[in-house]
């Protein structure tokens, strides 16, 4: 076999006159009678190869038979393309290689789709033939970026004294939150391991063990319904540190992210990042992961309108609800249908209606304007900085409904109005989360992040008096409206950890059975510690400018958690189940 001397995509005019050996795939073959042109592709790019009977007749004969995706080894001489035939769309467009020798290393069937960017092919087909899909340049660029980002993370953390330590993949099931993937133990019949949803407990134990600075780029597993863009197995950048406070972690993580963006995609990220409280995020943006690339802030006007004659506002305000609004600048031209569509849109998030004021130079147009005195109307318009040409939208409801409805309306309007700038990376931290929230279905408190998150020191007394007012030492990093990382300072005292377990409804026996080893470890000199975990797939997706994490994972699952290429999951042999002492009890529908 002819061994490669150069990659296809690296040839330039300075290589003219050199003899080279290339290995790659046939992207396209064109027969121009006396000459055959082959675009040869490898992971670095494409170069044009010319087969001429005058240079080598045998090579020319071989080229007559090659087809798309044949694997070739070619020896030839680099020449400048004749003037006027250069291809400015290729980095190699000033040169071509005249072949003097060729070997067909393998033939190929006609692929089910073209191996090129921008193809309109059903994703199921792409996933079924993932080995072909991954040949496309945009997919290879995404995986190269993933590699560069992972390397940058490792380089940065190594320089700052972190050790990469692996934690177990086969661990204990603690059914809190999402479902575990269970693995039966053949050697311990009737018992199961769980695949980790996160190395959370192990990384805290490593801090107890005195490792001080740990990290891992680690696979995690969650057996959950794959709503939106989720995967049953995903990758985290997992980090934990001892003898630090919240500021230490947040500032170091800003440095790390800035370093990764610079190294992987050449983008300068400004630090420090903006910080806002959870309360401010929910009030102004209707979400705890706001996109700050555009304005459209939400304003609470409850106090202004609680006593107006408009009964909807009055009733909601006096029942403990809120009235919030946002100003859609320059949208006074929206049609009746537009307004009806937006009302239906907020209805998807629980809102019972969408009130509006259309501001024109002459008047305020609105079915609700007649219920307001002139000074009340003026105060309301001023509160939202309204001007002629704007529409002011209002939702009156419970705080959580108003936040969700207007938060989603804000994003919807920004997309529709083209307010979201492309190629901009807007980072922020959301801090001061509540430690707990109340689950009305389960009738108990649940941890907003996880039960190992430490409360603010000054809020410790409130754990007994009013748990919902306790703030957490938690912090989420948000990029362009996507949460890319979440972390906290951890509880490191047994008494506080036991109190936390009790608050979320774990009995003393349950806490001991599930986390007894951890509680015991806390009695042997546990340092103050904290950490963070970044969703690596989502981070790379945003860096690559892609719409789905499936585009930055080599072998992703579908939304029904299947691998179309290998056919997983699959039915296993009875012998295997017998060895594991497992009987399968399928739902009736699946047995038929």
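Placement of Cβ uses the backbone N, Cα and C atoms for every residue, glycine included.
ATP binding, as stated in Swiss-Prot, involves 222, 223, 224, 231, 535, 536, 537, 538; the candidate among 164, 166, 280, 483 given for that site is 483. Annotated range for region 'Aspartate' in Swiss-Prot, selecting from 196-199, 200-203, 204-207: 200-203. Counting in whole angstrom, residue 538 (ATP binding site) lies 16 from residue 222 (L-aspartate binding site) by their C-alpha atoms.
Looking only at Cα atoms, residue 483 (ATP binding site) sits nearest to 449 among the recorded positions 32, 84, 222, 449, 490.
Every protein chain considered, the tally of other Cβ atoms within 10 Å of the Cβ of residue 222 (L-aspartate binding site) stands at 19. Helix first, then strand, then coil: DSSP counts for the region 'Aspartate' (200-203) stand at 4 helix, 0 strand, 0 coil. The recorded positions 32, 84, 222, 449, 490 include none with a CA atom within 10 A of the CA of residue 536 (ATP binding site). Listed binding-site residues: 224, 483; maximum Cβ neighbour count within 10 Å falls on 483. With the fewest other Cβ atoms inside 10 Å of its Cβ, the least crowded of the recorded positions 32, 449, 490, 538 in this structure is 32.
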